[in-house]
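I am attaching a structure below and will ask some questions about it afterwards.
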There are 2 protein chains.
Amino acid sequence: MPIQIRKLDSSQDGFQQSLDTLLAFEAGTDAAIEASVANILADVKTRGDAAVLEYTNRFDRIPHGGAAEMAAFDISQAELQAALNGLPSAQREALQIAAQRIRAFHERQREELRGFTYTEPDGTVLGQKITPLDRVGIYVPGGKAAYPSSVLMNAIPAHVAGVAEIIMVVPTPDGVKNQMVLAAAAIAGVTRVITIGGAQAVGALAYGTQTIAAVDKIVGPGNAYVAAAKRRVFGIVGIDMIAGPSEILVLCDGTTDPDWVAMDLFSQAEHDELAQAILLCPDADYIAQVEESIAKLLPTMPRQATISTSLQDRGALIKVRSMEEACEIANAIAAEHLEISADNPQQWAERIRHAGAMFLGRFSSESLGDYCCGPNHVLPTSRTARFSSPLGVYDFQKRSSIIHVSEAGAQTLGRVAATLAYGEGLQAHARSAELRLKPQP
Amino acid sequence: MPIQIRKLDSSQDGFQQSLDTLLAFEAGTDAAIEASVANILADVKTRGDAAVLEYTNRFDRIPHGGAAEMAAFDISQAELQAALNGLPSAQREALQIAAQRIRAFHERQREELRGFTYTEPDGTVLGQKITPLDRVGIYVPGGKAAYPSSVLMNAIPAHVAGVAEIIMVVPTPDGVKNQMVLAAAAIAGVTRVITIGGAQAVGALAYGTQTIAAVDKIVGPGNAYVAAAKRRVFGIVGIDMIAGPSEILVLCDGTTDPDWVAMDLFSQAEHDELAQAILLCPDADYIAQVEESIAKLLPTMPRQATISTSLQDRGALIKVRSMEEACEIANAIAAEHLEISADNPQQWAERIRHAGAMFLGRFSSESLGDYCCGPNHVLPTSRTARFSSPLGVYDFQKRSSIIHVSEAGAQTLGRVAATLAYGEGLQAHARSAELRLKPQP
């Protein structure tokens, strides 16, 4: 049966409502998962290593009756290096090139944010100091969703920021280790790799145990248990965004090979049945050509079942009035990945206010950015690009304000502060400022 | 009965445990509040204005039988301006000076973050674009905790960031408006003021109603209902940190007038019985002098009941071995406000990695920073300065990655991406990169 993708037209009645329905996605919360995660976290907080050991042996089906002590879950730097050396040379070189490019881009981010101080005429100094976090945890999923590219994208920004300790956790169900993931850890600047996962790993990182030091922030994707655990420990440690399904929005002026656009839509749809791939184009004939390309190419894809479900359930081919209108709709969608596959793409990019990452021109396929262009592939999903940013070096840094008031400054500022403090009924605030005033002559 | 403040000594056994106990604070969650907030949010999401109107009339005891329509809750720009004009001139000028200084500091933040692009030798362009949020909501508490300084500190960074619409909500229990709060809104760049509050206001801002456009982020302090509502809508909109009790940590080398230090501790303790004020000093005699100052000055304070409870329950005077050790302990505490009241404070500031704001030198009382130095007074509490920052312009901006791969770039990057994509089992990603490769000659 041929694939049926939703087709919309922005000039038709009810378009806005159809678009809203298409975009609507709310991550459900599962009470059973929540309860289970709450128990595991409380147990890890109380019993530490003993709890982590038990849960890991059980949930990850560690062979030979399970590990007897936590040390069994540590992977040495030598083993990481051996994993890198053992890869086929094409894979090893690809990982190294990707890591080098990701590092180069993120070093630009670090250079941008240097802090500042300035001195006022009365000698008062004000400023902002930038410091890295001391210690962070990187969660890396195990099993079939183990992605070495995620290791690079999460660990390298922390390393570039100057984080002294980067602790990576990665579960190894049935004791099976992914060599590419270990190799990625070897080149990303990871300090320590521990083969634990799930809510127990999140708890260990957040609270610390006898053998694992508590971290300041936990980043990285995970399943529903990991996401629920991260939400619960937020505040005790920092966390990154809880990612929703991945999305691509392609704006095309009808001048790109339709096979390319079809494959770009597939590249998002193959991630997940809930992934969302949408095309906006002012040219109805071109949309028909993309449809033909989809029908032609889909049978050649190993993950065609996932792609079909994703495209049929959540995809859309949308005819718009103009590229200008496409840009407006793109701002409302605020997509994670936005491809502007068009001649002179810069003219349209200037109109875009909200997107996680913009891929300009027909050679900038999203997949290049996923692996090796340099910018991060951890991006805001589910319209959160309206208010949040790609993962970056700045996520592993924080600012402290610097206030050094001179004696002269305290005279003028003290009167202002005291007036406002009395106005708010905070007399100790006012007195604290007034004590610094010199007696009037 | 004289006040009893906990005294600790870092050289004594069990000090670390005593310190951990002192710092331990976990915000409780109240099931009744959670349930009530969930209902209110669901109702506002479904019924919009009608629900907001009902809750506001009821919870805020709006006089004369309540308002008949939402428009009654809007405050015009003319009324805001009239509030400013009606203030005593000292208050008006103090607000204006504070606003001007806060604006000047935050403009430095905006200048620091300008985005970047760079072009690689093969013509590939990479970069990072900075854009403001479109629309934000500022929550301002009503009643006795209505602080005009909070209006300035929350709204000005958004305005400096270039946010087009800044919607402030402030409940007016019993219909009573705080003129200083309205005056602050007049000079902070607020677009619209609506006299609603509680979970219903958070819901209106997050989901939008017939008369209130949905915002992209909600910032500002509030009671337990407001905090619970913000947590629940997080993800649909951005939120700032949920603040814990306020804290001050004073590092003193024993050279500051002890009355000044005592009053600085009071200025934090007067906020709240849960507020925390701690002194670290290597000089036992000086600590005794501060204790005497506390005993002498406390009876003069209008808020002495709150100050006493706070100091007795959560305060401490800690004798340390040296200023060097004081800095180490300060890094472990990661205080919201850190005063370094010492000669040559810069030498100690260089050792500090974690603090919301640092106040250097004996003239830099925290109260000056609370009102008018320029840096923000919304700061990370409860040790979250380990991983988070003061509220700033950057909280109202976000980044989008820019990736413009040249045809030549696609040839080299495509091979790297395809190798990694095949390694991860994502064939559509690989094919999407390969389609951009030119046929080999």
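Any Cβ shown, glycine's included, is placed from N, Cα and C.
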Which of B:Ser246, B:Ser293, B:Ser389 does TrEMBL put in the same substrate site as B:Gln268, B:His271, B:His337, B:Asp370, B:Glu424, B:His429?
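Site partner of B:Gln268, B:His271, B:His337, B:Asp370, B:Glu424, B:His429 for substrate, according to TrEMBL: B:Ser246.
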Using the recorded NAD(+) site (B:Tyr139, B:Gln200, B:Asn223) as reference, state which further residues of the same chain have their Cβ within 8 Å of the centre of those residues' Cβ atoms, listed in sequence order.
B:Pro141, B:Val169, B:Pro171, B:Gly197, B:Gly198, B:Ala199, B:Ala201, B:Val202, B:Gly222, B:Tyr225, B:Val226, B:Ala229
Are any of the recorded positions B:Tyr139, B:Gln200, B:Asn223, B:Glu336, B:His337, B:His429 near chain A, where near means a Cβ under 8 Å from a Cβ there, and if so which?
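The answer, in sequence order, is B:His429.
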For B:Glu336 (active site, proton acceptor) and B:Ser246 (substrate binding site), what Cα-Cα distance in Å is obtained after rounding to a whole number?
7
Hey, of the binding-site residues listed (B:Gln200, B:Asn223, B:Ser246, B:Gln268), which one tops the CB count within 10 A?
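Within the set of binding-site residues, the most crowded position is B:Gln268.
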Ranking the recorded positions B:Glu336, B:Asp370, B:Glu424 by other Cβ atoms within 10 Å, which is at the bottom?
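Each of the recorded positions B:Glu336, B:Asp370, B:Glu424 was scored by Cβ atoms within 10 Å; lowest is B:Glu424.
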Roughly how many Å separate the Cα of B:Gln200 (NAD(+) binding site) from that of B:His337 (substrate binding site), to the nearest whole number?
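Cα-Cα distance, B:Gln200 (NAD(+) binding site) to B:His337 (substrate binding site): 32 Å.
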Between B:Gln268 (substrate binding site) and B:Asn223 (NAD(+) binding site), how far is it from one CA atom to the other, in Å?
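A Cα-Cα distance of 19 Å.
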Rounded to the nearest angstrom, how far is the Cα of B:Asn223 (NAD(+) binding site) from the Cα of B:His429 (substrate binding site)?
48
Who sits close to B:His271 (substrate binding site): which same-chain residues at least 6 apart have their Cβ under 8 Å from its Cβ?
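Looking at Cβ-Cβ distances below 8 Å from B:His271 (substrate binding site), excluding near sequence neighbours, one finds B:Pro245, B:Ser246, B:Thr306, B:Ser310.
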